[in-house]
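Participant: Got a structure here, written out as structure tokens. Questions coming.
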Amino acid sequence: MSMFLDTAKIKVKAGNGGDGMVAFRREKYVPNGGPWGGDGGRGGNVVFVVDEGLRTLMDFRYNRHFKADSGEKGMTKGMHGRGAEDLRVRVPQGTTVRDAETGKVLTDLIEHGQEFIVAHGGRGGRGNIRFATPKNPAPEISENGEPGQERELQLELKILADVGLVGFPSVGKSTLLSVITSAKPKIGAYHFTTIVPNLGMVRTQSGESFAVADLPGLIEGASQGVGLGTQFLRHIERTRVILHIIDMSASEGRDPYEDYLAINKELESYNLRLMERPQIIVTNKMDMPESQENLEEFKKKLAENYDEFEELPAIFPISGLTKQGLATLLDATAELLDKTPEFLLYDESDMEEEVYYGFDEEEKAFEISRDDDATWVLSGEKLMKLFNMTNFDRDESVMKFARQLRGMGVDEALRARGAKDGDLVRIGKFEFEFVD
């Protein structure tokens, strides 16, 4: 069974902030000591760290839940609780991280050591020392810690290779990779010998080097999931140059030109941008008897279907078995790579905008709905944040929360919707009566 895994869905939960403390200074010779409760510590973030030693997402096959520690509670003497350590999760180079709910790309991790916070820890709640005022010098008010961010993520590994080998099954991609690199892919005289991508490094006679990926053979309908389908088509996306391998011996009764058209159709159907990558046509198995005649026919059909002003793709006849033409092919590939820039994998519409947490006057602070039992239901990100950080065990904290609701315009909005004195209002699992 293959141990290669290139997709995974996981859940991450950052740590909650520690609760603030209500405490008072009681020391001999210090009359009217005042508040002395400290703030809670910050919750730990969940951080992805790129590790070049990893080659697969196999670590996420059985471990799909990642939870960072919460911050410690505030202490007496105004001391802060200790902040939690970040939970650092290693991922391989080439990992794309998406929000599973929205489908938006959060980050594309390609550099060794690159870090990205996928879930932010909650800030610590404030202790009562923070709420002292001339009017209320000894407040019994504290905040709960802010809940840590929680989300479901879709991970997708797209291997880092400069050059991708594509073609129908059994055209000789694995054989080619084995003779131009030190990679040892599985080679056999049957279809789909390669069932996972293989990666190898090429070094040309002139000393240039580049990474080559041998991808599992494509068949018609691959972009719709036929055969190995799109399972490995994603790995072509990071390549800058495509070597299109064609079996010129036509040993299985196939038409090399029809094969060429069919594979390009699958690449275009999967992702139109793949056709922006320059292609080199590699006609393999030229050591076979019928290959030269088939090559001439292939060139003729190719020329007939290209506009006179279009530049025909470069064609390199080779034999992976006898190594005929390999040096010329590799030099041409290196030269093409030198003048081919990186391709943008995602545009701005694919990426999730970076969120800055702060007050936004245009942000809708709360929403009002009505349940089937006639209870008014309050929701909204800003309102729920205040609710979760309120310590309902302290009367002063409850009154502070009521003032915050009035300040946000909740009372006026409820009246405008028709709420009457004594109506039930629910926030989360907490219910109270509306007082007009």
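Yeah, the Cβs are placed from backbone N, Cα and C, and that goes for glycine too.
Checked Swiss-Prot, it gives:
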type    : residues                                    : note
DOMAIN  : 2-160                                       : domain 'Obg'
DOMAIN  : 161-338                                     : domain 'OBG-type G'
BINDING : 167-174, 192-196, 214-217, 284-287, 319-321 : GTP binding site
BINDING : SER174, THR194                              : Mg(2+) binding site
DOMAIN  : 358-436                                     : domain 'OCT'
Participant: Would you mind giving the whole-number mean pLDDT across the domain 'OBG-type G' (161-338)?
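Facilitator: Within the domain 'OBG-type G' (161-338), the model's average pLDDT equals 83.
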Participant: Roughly how many angstrom lie between the C-alpha atoms of GLY167 (GTP binding site) and SER174 (Mg(2+) binding site)?
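Facilitator: Taking the Cα atoms only, GLY167 (GTP binding site) lies 11 Å from SER174 (Mg(2+) binding site).
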Participant: From the DSSP assignment alone, can you count helix, strand and coil residues within the domain 'OCT' (358-436)?
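Facilitator: The breakdown for the domain 'OCT' (358-436) reads 29 helix, 17 strand, 33 coil.
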Participant: Kindly assign GLY167 (GTP binding site) to one of the three DSSP-derived states: helix, strand or coil.
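Facilitator: It is coil.
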